[in-house]
Amino acid sequence: MDGTMGLQGLLCLCLASHLALQAMPTQGSPTDSTKGNKAVNGVVIRSLKVNCKVTSRFAHYVVTSQVVNNTNKPKEVAFDVEIPKTAFISDFAITADENTFVGDIKDKVTAWKQYRKAAISGENSGLVRASGRTMEQFTIHVTIGPRSKATFQLTYEEVLRRKLTQYDIVIKVKPKQLVQHFEIDVDIFEPQGISKLDAQASFLSKEAAAQLIKKSFSGKKGHVLFRPTVGQQQSCSTCSTTLLNGDFKVTYDVNREKLCDLLVANNYFAHFFAPQNLTKLNKNVVFVIDISSSMEGQKVKQTKEALLKILSDLKPGDYFDLVLFGSAVQSWRGSLVQASTANLDAARSYVRQFSLAGSTNLNGGLLRGIEILNKAQGSLPEFSNRASILIMLTDGEPTEGVTDRSQILKNVRDAIRGRFPLYNLGFGHDVEWNFLEVRALENNGRAQRIYEDHDSAQQLQGFYDQVANPLLKDVELQYPADAVLALTQHRHKQYYEGSEITVAGRIADNKLSSFKADVQASGDQGFKTTCLVDEEEMKKLLQERGHMLENYVERLWAYLTIQELLAKRMKLEWAEKASVSAKALQMSLDYQFVTPLTSMTIRGMADKDGLEPVIDKPLEDSQPLEMLGPRRKFVLSASQPSPTHPSSSIQKLPDRVTGVDTDPHFIIRVPQKEDTLCFNINEEPGVVLSLVQDPDTGFSVNGQLIGNEARCPGKHEGTYFGRLGIANPATGFQLEVTPQNITLNPGSGGPVFSWRDQASLRQDEVVVTINRKRNLGVVREDGGTFEVVLHRLWKGSAIHQDFLGFYVLDSHRMSARTHGLLAQFFHPFDYKVSDIHPGSDPTKTDATMVVKNRQLTVTRGLQKDYSKDPRHGLKVTCWFIHNNGDGLIDGVHTDYIVPDIF
């Protein structure tokens, strides 16, 4: 395809669970139109569809858009989608010119190696950037050919969280041109039954919304459909501009007559806990406020505004105090006082009058607030029965008193001792976010950023509203230890009105009959209940929702588990952090989620530097969108990616490698000699040869020979590797590779992949990456990088069977005792070649080689190395050792025959 960039025609789609859709034209005037669509530089958005399926809070979104280039020149098109920060991308594909380019998810370290060139140059090859308060912006620019079309499809998933008595799905709609087929379709299935459902659009009058938005719910099902015609999209009857510009919002809640909402499918369960009609607990609350000089201006003004409103919301049964910290620490009363009218009036006066002072004694402010709550709980029994809450607001980092982050974390942990939650609010982008979040997570709370904007006071108030009405404290959801194999967080310090606690887990085989949930908590009165599984009801639900229910319950568990592991790793260091990170990475790969530990690449696309695009998940501390450099532009190949390109998931290959391929030729790289040696092994089909054996770790690679399907009896014919076994008994890792399938842990019924798959797998310290129809990489974290090459043969080939090649890319960290037909050559050895002369074959040269105190006749010849080019191979000049490597290998070749590949 011609890579020339024309004038830009941009499709912009912004999505959230919170979703937003947006299409933005660029410079230049419209030049064409199709069936009522107004073209932007000849590029038309033919269709734009958002499909959202919610099953028991698990939301699965698919955004699909088709654009058409009606010009005779290539055009640049951008697909732009905003997704919530809490969501994980799980799939992306582009179809253009009858070719489909799909995303591959792999671990971030592997992906980073591929894109280190872009990172070093300072350019940004990432497609996802932080955008706004709750969103991440996904954007990809591609060039499509003349008179052609491109279809983009993005999939992402999340678990909807209940806030203030409802679940929200918000779609920001801004296509910037009329769209022939525009559709938002939301399908909701909730086993508890839907209690309310509404949908509104900020860009439509109430009358127009009632006419255009179709919404209905009955029993377990709810549906919202917005499908305006081109005429209904017009801003006026004679206009060519669109009125679709604003928020499309769906809200719903579920029935809660039953205390128990326990869902089980395919040995996974989800437990939703949100009891109603409970008496609100009185609370002890201390507000710890940063009054350092950096809070000057709008920050302190809006903080005071929010505090005044929050004080007005306190109930007479609540107790409270205020702590201010700058260079010094001051408290309003120094102990909790009742939220009486007189005390509230005095507190409001104090808030209006306080002024800013100096630096940031964060440690001192927090410890003073904790001391006030601890003192109250220890002094009077009635205080201990209340729900205690500590809320801290700061805009910066500690600069006064104790400033060491580790020491502050320890001081706060030791002072709170798990008695109550700490909520940290960070004002603006200068706040040290990771430190803020870890401090909250270590103390049963959470962190939230308050953005510097006209509505900062409303943001503060909005956060407080979520924790203003505690109903229960010390909530524990318990499950039989022998029936549950994996479990998400099931202990919570407090449960607040309008929220929901969600626990998910995996049930052991044959343990469903003994599975139950015991819930206990402290409230106005003691709270205790037991939930059992209604198996008949589960069967009915499976009949209604089928595979979708089974799949979504498991993915809900995976989503929650990954989120919790990512949060947990922030609190850990060194080996513990590495262990938790490895678990989160493995689950991200298993369930194909783009998380902070994984990346998605799109094969078959490249920018001007030949780099494929990469989809990452930005961290909360990522720079705002406008602070980042220009995005890279990618061109779709006319066909699928060429096999001549090195694998993206395998490190850069040395100029020459050690390996074995074809019938079977062993190629031994001798770097200290800057030379290569070769030999063949002639054995019968079915024989298994030991290629690598490390007795110190148990790691091994064995290969089984196959022959020509049409062999002639009595005639020697070539053999090839048709089956490889890679194993590490110490960790239970086994990988069986054939030209048809790749099987992880075949002895225990592990997953099976075909060579048509693209996947990255991790087990313990081994990472396996499958590159579709080409090769497979195996990386041991403690040493050793290997590649398996797939040889697919054409129908007219004389061999008649597909086979495998095996290459060693890095062996320098393997133990000194590693051995095998290949591995014995990982260690340095010496030889001398002399008496080079014409051989019996006039086209080849013979010589005398002295190696291992033996004198051999060797022949100069050519072999092929397929590690870089699996299809054609690269010619390698080598000294060929005859008679099965006799004299070069230790012992004789039959010493390396083993019973099986494992």
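Any Cβ shown, glycine's included, is placed from N, Cα and C.
Sequence annotations record features per position, and here Swiss-Prot assigns signal peptide to 1-28.
Taken together, the residues of the domain 'VIT' (29-158) have an average pLDDT of 77. Positions annotated as domain 'VIT' by Swiss-Prot: 29-158.
Annotation source Swiss-Prot lists S-linked glycosylation site at CYS52, citing similarity to another entry. In the three-state DSSP classification, CYS52 (S-linked glycosylation site) falls within a strand.
Feature annotation from Swiss-Prot assigns N-linked glycosylation site to ASN69 (among others).
What Swiss-Prot records for SER121 is phosphoserine.
Positions annotated as N-linked glycosylation site by Swiss-Prot: ASN277 (among others). The DSSP secondary structure for ASN277 (N-linked glycosylation site) is coil. Every protein chain shown contributes to the tally, and the Cβ of ASN277 (N-linked glycosylation site) ends up with 6 other Cβ atoms within 10 Å.
The annotation domain 'VWFA' is assigned in Swiss-Prot to 282-442.
Among the features that Swiss-Prot reports, phosphothreonine is placed at THR394 (among others), with the record citing similarity to another entry. In the shown protein chains, 28 other C-beta atoms lie within 10 A of the C-beta of THR394 (phosphothreonine).
Counting only same-chain residues at least 6 apart in sequence, those with a Cβ under 8 Å from the Cβ of THR399 (phosphothreonine) are SER292, SER359, THR360. If you look up Swiss-Prot, you'll see THR399 (among others) marked as phosphothreonine, on the strength of similarity to another entry.
According to Swiss-Prot, the feature region 'Disordered' maps to 637-656.
According to Swiss-Prot, the compositional bias 'Polar residues' annotation covers 637-651.
Look at Swiss-Prot and you will find SER639 (among others) tagged as O-linked glycosylation site, backed by similarity to another entry.
Per Swiss-Prot, O-linked glycosylation site is recorded for THR644 (among others).
Within the same chain, residues at least six positions away from ASP663 (aspartate 1-(chondroitin 4-sulfate)-ester) with a Cβ under 8 Å of its Cβ are ASN680, GLY718, THR719, TYR720. According to Swiss-Prot, the feature aspartate 1-(chondroitin 4-sulfate)-ester maps to ASP663.
In the three-state DSSP scheme, ASN741 (N-linked glycosylation site) falls into the strand class. Residues or ranges marked as N-linked glycosylation site in Swiss-Prot (evidence: sequence analysis): ASN741 (among others).
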Collapsed DSSP category at THR399 (phosphothreonine): coil
Cβ atoms near CYS52 (S-linked glycosylation site) (within 10 Å, other residues, all chains): 21
Among ASN69, ASN277, THR394, which are recorded as recorded positions, the nearest neighbour of ASN741 (N-linked glycosylation site) by Cα: ASN69
Site of maximum Cβ density within 10 Å, from glycosylation sites ASN69, ASN741: ASN69
Distance from THR394 (phosphothreonine) back to CYS52 (S-linked glycosylation site), taken between C-alpha atoms, in Å: 38
Mapped DSSP class for ASP663 (aspartate 1-(chondroitin 4-sulfate)-ester), helix or strand or coil: coil
Rounded inter-Cα distance in Å - ASN69 (N-linked glycosylation site), THR394 (phosphothreonine): 51
ASN277 (N-linked glycosylation site) versus THR394 (phosphothreonine) - Cα distance in angstrom: 36
